[in-house]
Amino acid sequence: MKVVEVKHPLIKHKIGLMREGDISTKRFRELATEVGSLLTYEATSDFETEKVTINGWNGPVEVDQIKGKKVTVVPILRAGLGMMDGVLEHIPSARISVVGIYRDEETLEPVPYFNKLASNIDERIALVVDPMLATGGSMIATLDLLKEKGCKNFKILVLVAAPEGIAALEKAHPDVELYTAAIDEKLNDKGYIIPGLGDAGDKIFGTK
C-alpha cells in the first residue's frame, strides 16, 4: 500500500493549529477544509492530462486537461463532510457518494447505517475522506462496500493516521493509496489517536 505523509510546511502548520485543545468550531472547520484541499492537490498529482484544442481569445489554442478521470468524493459520515469542500475546491464537477458508518464505543467495531453512491461508481476514482484513521475499521468497511459496488481505484485522504490503522488498512486493502497530513504516535485504550486532534466530528459540528 502506498502511504504518503504530506510534509508541506503549510500542512504541518495547519495541523499544528488544529491540535489546540480549546480551538473553536469555526476555526477547526476552516482548517479541516484547508488541509483537505492541500491533500487533494497532492493526491491528484499523478492524474494524466491530454492536449485539447479550445477557442481562445485570439483563436484556437491547445491546452492541457485531465484525461478521462471521473471522480467521486466519498465522505464517511459524519466527520468526513468536514473535508469534502476542500476536495471540491479542486474538482467541483466530482460526484458525491455518501457512506454512513459509526464506531461502536464499546467494541470499537464499525457499524454501517447508510449509503448513497454515485452512478457508474465502477468507472470512477474514489477519493475517500475522513479526518481520522484510528483503528481503520470504518475505512475498511467503507472500502469493502465500494468494492462490492465495483469501484476499483481509491485514494484515501485523512488528516491524522495512527500506525495501527495504517497496518490494518494495508492488511485489508493493500491496493489503495493513503495520503495523510500526519502519522501520530499510537492509539489509547479507547481507540483514540494520541496526540491526535480529539473527536474531529464533535469539533467540526460543535457537538459533544
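Placed from the backbone N, Cα and C atoms, the Cβ positions cover glycine too.
Fair warning: this is a prediction, and the values are worked out from it, not measured in the lab.
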Matching residue for the 5-phospho-alpha-D-ribose 1-diphosphate site, where Swiss-Prot names R78, D130, P131, M132, L133, A134, T135, G136, G137, S138, D199 - out of R29, R95, R103:
R103
If you measure G136 (5-phospho-alpha-D-ribose 1-diphosphate binding site) to I193 (uracil binding site) at Cα, how many Å is it?
11
To the nearest Å, how far is the Cα of G198 (uracil binding site) from the Cα of A134 (5-phospho-alpha-D-ribose 1-diphosphate binding site)?
11
Quick check on the binding-site residues: of G136, G198, whose CB has the lowest count of neighbouring CB atoms inside 10 Å?
G198
Tell me, by DSSP, whether S138 (5-phospho-alpha-D-ribose 1-diphosphate binding site) is helix, strand or coil?
helix
Which whole-number value in Å describes the distance between the Cα atoms of A200 (uracil binding site) and S138 (5-phospho-alpha-D-ribose 1-diphosphate binding site)?
14
